[in-house]
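What TrEMBL annotates here:
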| type | residues | note |
| --- | --- | --- |
| BINDING | B:CYS640, B:CYS646, B:CYS680, B:CYS684 | [4Fe-4S] cluster binding site |
| BINDING | B:CYS684 | siroheme binding site |
| DOMAIN | B:4-282 | domain 'FAD/NAD(P)-binding' |
| DOMAIN | B:317-384 | domain 'NADH-rubredoxin oxidoreductase C-terminal' |
| DOMAIN | B:420-468 | domain 'BFD-like [2Fe-2S]-binding' |
| DOMAIN | B:483-533 | domain 'BFD-like [2Fe-2S]-binding' |
| DOMAIN | B:558-622 | domain 'Nitrite/Sulfite reductase ferredoxin-like' |
| DOMAIN | B:631-766 | domain 'Nitrite/sulphite reductase 4Fe-4S' |
Amino acid sequence: MNDWHDVGCLDDIPPLGARVVRSAQGDIAVFRTADNDVFALRDRCPHKGGPLSQGIVHGQRVTCPLHGWVLELASGNAVAPDIGCAKRFPVKLIGDRVLLQVGAASAGGEEQHGAAA
Amino acid sequence: MKERLVLIGNGMAGMRTVEELLKIAPDKYAITVFGSEPHGNYNRIMLSPVLAGEKTVDQIMINDLPWYAEQGITLHAGSEVVKIDRARRQVIAADGTTATYDRLLLATGSVPFILPIPGNDLPGVIGFRDIADVNTMLDTAQAGRKHAVVIGGGLLGLEAANGLMKQGMECTVVHLGDVLMERQLDPFAADLLRTTLEERGLRFLMGMQTAAILGEDRVRAVRFKDGLEIPSDLVVMAAGIRPNITLAKQSGIHCERGIVVNDTLQTYDPRIYAVGECVQHRGQVYGLVAPLWEQAKVCANHLAHYGIGRYLGSVTSTKLKVTGIDLFSAGDFNGGPDTDEIVLRDPARGVYKKLVVKENRVQGAVMYGDTVDGAWYFQLLREGTDISDFRETVLFGHAHMADAGREGHSVMAMSDDAEICGCNGVCKGTIVKAISEKKLFTVDEVRAHTKASASCGSCTGLVEQILAATVGNFDATPKEKAMCKCTEHSHDVVRKAIREEHLISLREVFDLLNWKTPNGCHSCRPALNYYLISTWPAEAQDDYQSRFINERVHANIQKDGTYSVVPRMWGGLTTPDELRAIADVADKYQIPTVKVTGGQRIDLLGVKKEDLPKVWGDLNAAGMVSGHAYGKSLRTVKTCVGSEWCRFGTQDSTGLGVKLEKMTWGSWTPHKFKMAVSGCPRNCAEATIKDFGVVCVDSGYEVHIGGNGGIKIRGTDLLCKLTTEQDVMEYCGAFMQIYREEGRYLERTAPWIERVGLSYVKSRIVEDDEGRRALYARFLESQKYAQVDPWAERASGAVDAHEFKPLAVMA
């Protein structure tokens, strides 16, 4: 299950926005930055499970809509002093197509719960 | 090669500057630090609790020795610099160590003033300045020596005396004047303080001049000018401090009372900067710690060559760090011929409060016994708030605005498991632990680490108090706070630029105002988007990606990621057909919860995001539109039945409510905006806790503003009385518009009115007919662009369709 899946074209995702991909592993949020970089994270904030896809994207970060945790899109890690990590998924752009790899969970692993929760 | 920065003085001001510098330009300099004390960097203002045995030296360390190594900083601890060779750009220490600099930072602090009297160099005569002094005091007490004399009844002297007494010594405080702490207290408060300290066992000799310190190989007694002699094993000189400028002076750097610096903390030698107690800025020398936080920030910024930020001086406040004594003072507390004093004295409770007021603005404050409102008075002082609207109650404190039930309790009396932040369940002990372990100094840091005061913010005052009690008072919050970390500019500055420079997009704001981040953050973007669309409703494009999710999808996100939907019911009126449509929608989309809201609407909770457009479509078909229950916008107009049905009703409150709601719906405001219309003074619609409330009376309409029933309950202020419905409409539109134009984003009408004053609002709405009409006209103009049902737009699939569909569904 390490195939790359074509999940849509870049313009399906608004700049500084996100869309959801439904998968057997649960919802995955696919983000697009102002510079057209794409990132994919499990659509659950490590804090209280908020849908990250609904957050405000700024720079290379997203702010969870429920309680305002800020996560790095590249690593899935919460910005200090919060501690936690949302699982990342490999995603890449070929031309204007967005390709997502769902089978392999890359580093970041299971979410940890933050000490500063 | 990196540039070389040398810091002379390993104290709080210098190291704070280095820490600020490391934050913004970690790789710019190779840093070398000289400190005359053999320690890391510690919180000097907490020496008093160490002396009193309430803290240990370890607990007040800010950065220990390994920290310097981790940061790659060369530290020469216990090495005193004796010479600066400015031609060679080299500093030379007493032990022969040298270091060459490209930039030099002087943070030499201050030295105790030693009275020029015989015997002042005897062993056993010390100042109260550093760890060595504290150790001398502790050793003397432990050696069983009994008598201590503290010369100087100021802040430092009293803290030293209190500590020595706690260590078992009999302590006498000698004071030249008649008023203790005369730089912080007026005579009345000073007397209360003296009485309390005498009851605890301190002795005072007031109006006494010290003539000589007697002793052979160490101090034995102190003799006064009038001939009196008292035995003494230890003499602490606490008669004031002087900026330590010896080294700077010898090196030819221009000094007056302190090292003279400009607004960028630069000395007359452009390679040399200075911060802290050794500097003189705009003629002012600071002996307190709060200003150094601001100085450090500005100085670091210039050392990093960012070249922004100026230090403009600080207003300071003081608290005495003696456990069990609550004392606060700030500003000009003695006043003069052109000032008034507002005083509250209650000797039985041991409470004294005095405000010095000039032209309705607080100039200074002294408080004894009850200092809960110190932070509030200090804020009024710094911000120059006009207090005329609440002058008659100002001395009773901020209680009418503060969270109910907690007021009046000193946080120091609370136990560690007392809950401080009710939103996030944070106890006092957790906050104290985080402050000590993580070395936190500001409310923002405490908020980030503990989440205390991070949600609704009503416990901010308590958190400030805990912080002040744990590490001392560092918060010299600038008058105009920056919007967020993306910019140095305040809300008001940004909005002014948007208006005056005709900025109509986020990009233009970011570029013109030199935003520090490429596209802002979750905090500034929604604010900027609001300022843009409210200032230029016809031109600025609403940027949905800069809106919080609720305003982007026009529903309220719930904890499980579903949404709640509230259709508008004008003035709280509905019909059987609407109710049937709502029931059908709830059945059809299996909506689990249907609830009546506080604003007289029906809330459908647990709607799946992808169902939202269909739910809206069905509700639209029945004639209903978005209720904006999710927005920083007009929420609801609550009404009672009024003269149409009620036997007490004086006017058609329901009808007026419907008209107001039809006029104002869809408008975006700095924060949510609620209205109500009651048909008689029984006020069943609770109009006096709304942002805009109307209470009908037989002769017309009372118009109330600035209430809310949320975090901090606030009853409205009466704006005026009107006679026709049309007048009410005009005043309502004008009031919303002035709030829309001048309220800061996320500032509700209640705090906004407290900030600008009711008199100001009256002057714009009631007393200025032309101005009011212009505001009303601008409101109606703006509504032309705002009154489009966002549900209909989205139910049709024409707007933001991507929001409601997954990008892809994988098997």
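Backbone N, Cα and C atoms are what each Cβ position is placed from, and that goes for glycine too.
Because TrEMBL annotations are produced automatically, they should be read as predictions rather than curated entries.
With all protein chains in the displayed structure included, the most crowded Cβ environment within 10 Å among the binding-site residues B:CYS640, B:CYS646, B:CYS680, B:CYS684 is that of B:CYS640.
Contact between the domain 'BFD-like [2Fe-2S]-binding' (B:483-533) and the domain 'FAD/NAD(P)-binding' (B:4-282) is not supported: fewer than 3 Cβ pairs lie under 8 Å, counting only residues 6 or more apart in sequence. DSSP labels the residues of the domain 'BFD-like [2Fe-2S]-binding' (B:483-533) in these numbers: 27 helix, 0 strand, 24 coil. Annotation note: B:CYS684 ([4Fe-4S] cluster binding site) sits in a coil segment as assigned by DSSP. The [4Fe-4S] cluster site is set by B:CYS640, B:CYS646, B:CYS680, B:CYS684; from the centre of their CB atoms, other residues of the chain with a CB within 8 Å are B:VAL641, B:GLY642, B:PHE648, B:GLY649, B:SER653, B:SER678, B:GLY679, B:ARG682, B:ASN683, B:ALA685. Look at the domain 'Nitrite/Sulfite reductase ferredoxin-like' (B:558-622): DSSP puts its residues at 29 helix, 14 strand, 22 coil. In the predicted model, residues of the domain 'FAD/NAD(P)-binding' (B:4-282) average a pLDDT of 93.
Remark: secondary structure over the domain 'NADH-rubredoxin oxidoreductase C-terminal' (B:317-384) totals 10 helix, 31 strand, 27 coil, with classes taken from DSSP.
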